[in-house]
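In case it's useful when we look at the structure, here is the feature table from TrEMBL:
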- Arg79, Arg104, Asp131, Pro132, Met133, Leu134, Ala135, Thr136, Gly137, Gly138, Thr139, Asp200: 5-phospho-alpha-D-ribose 1-diphosphate binding site (BINDING)
- Ile194, Gly199, Asp200, Ala201: uracil binding site (BINDING)
- 6-208: domain 'Phosphoribosyltransferase' (DOMAIN)
Amino acid sequence: MALHIVSHPLIQHKLGLMRDVRLSTKSFRELANEVSALLTYEATSDFELEPTEVPGWDHKAIEVQQLRGKKVTVVPILRAGLGMLDGVVDLIPAAKISVVGLYRDETTLEPVAYFEKLASDLAQRTALVIDPMLATGGTMIATLDMLKAKGCKEIRVLVLVAAPEGVAKVTAAHPDVAIYTAALDERLNDDGYIVPGLGDAGDRIFGTR
Ligand code: URA
């Protein structure tokens, strides 16, 4: 499906601040959540509303629009995905949270799940998968494979920064999954970091750099 580069000025301003290596952990963490909330706003813009009747201020029945039938699960990929979670859940407070952790097997180099605690009704929920950096795409593809194998039918990916290499791989493996990113950067370097990127997003969120 589509790649959405969300170029709203607020997002671009906040992402620009995050690229500055001098930024404190506190500010990086706050901005990661703010950008994530703005990405959520964009990634949910086609959610269907249902008319429903409520008593208005004068107790007369009025029709309002609600997202009543929409069920969402937010899927943070450990550990850096946790740095986007508050921003997403601020906008979708009823969402269930399905946490996924993967490591790379040293011999096969394939991602292997070491942790998964998923919402029980995945088939009824739209999954918003969150990870700040879409780099090689390996972890993201493994996560999408796993969610689909567990019955998930509608998935959207939210990342702060994407590399063209990662977008191409994820799109080829999962053409039905839309990707929302605040930036499509130049490339991956030889160490697998996105350039210009943000550095190690997990370290910057958790203050471990
Ligand atoms: N993961 C990160 O945290 N940063 C990158 O640039 C690539 C992967």
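A Cβ is built for glycine as well, from the same backbone N, Cα and C atoms used for every other residue.
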Provide, as an integer number of angstrom, the distance between the C-alpha atoms of Ala135 (5-phospho-alpha-D-ribose 1-diphosphate binding site) and Ile194 (uracil binding site).
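Answer for this pair: 6 Å between alpha carbons.
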For the binding-site residues Asp131, Asp200, work out the Cβ neighbour count at 10 Å and name the residue with the minimum.
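Among the binding-site residues Asp131, Asp200, the lowest count of other Cβ atoms within 10 Å belongs to Asp200.
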Given the recorded uracil site (Ile194, Gly199, Asp200, Ala201), which additional residues of the same chain have their Cβ within 8 Å of the Cβ centre, ordered by sequence?
Pro132, Met133, Val161, Tyr193, Gly197, Leu198, Gly202, Asp203, Arg204
Where the criterion is a Cβ under 6 Å from an atom of ligand 1, which of the binding-site residues Arg79, Asp131, Ala135, Asp200, Ala201 meet it?
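Among the binding-site residues listed, those whose Cβ sits under 6 Å from ligand 1 are Ala135, Asp200, Ala201.
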What whole-number Å value do you get for the CA-CA distance of Gly137 (5-phospho-alpha-D-ribose 1-diphosphate binding site) and Ile194 (uracil binding site)?
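Rounded to the nearest whole number, the Cα-Cα distance is 12 Å.
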Please report the three-state DSSP label of Ile194 (uracil binding site).
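Reduced to three states, the DSSP call for Ile194 (uracil binding site) is strand.
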So if I draw a 10 Å sphere around the Cβ of Arg79 (5-phospho-alpha-D-ribose 1-diphosphate binding site), how many other Cβ atoms end up inside it?
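Its Cβ has 15 other Cβ atoms within 10 Å.
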Report the same-chain neighbours of Gly199 (uracil binding site): residues 6+ apart in sequence with Cβ closer than 8 Å to its Cβ, ordered by sequence.
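Listed in sequence order: Val21, Tyr193, Arg209.
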Give the three-state DSSP assignment (helix, strand or coil) for Ala135 (5-phospho-alpha-D-ribose 1-diphosphate binding site).
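Looking at the DSSP assignment, Ala135 (5-phospho-alpha-D-ribose 1-diphosphate binding site) belongs to neither helix nor strand, so coil.
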Express in Å, rounded to the nearest integer, the largest CA to CA distance found among the 5-phospho-alpha-D-ribose 1-diphosphate-binding residues Arg79, Arg104, Asp131, Pro132, Met133, Leu134, Ala135, Thr136, Gly137, Gly138, Thr139, Asp200 named in the record.
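Largest pairwise Cα separation, rounded: 18 Å.
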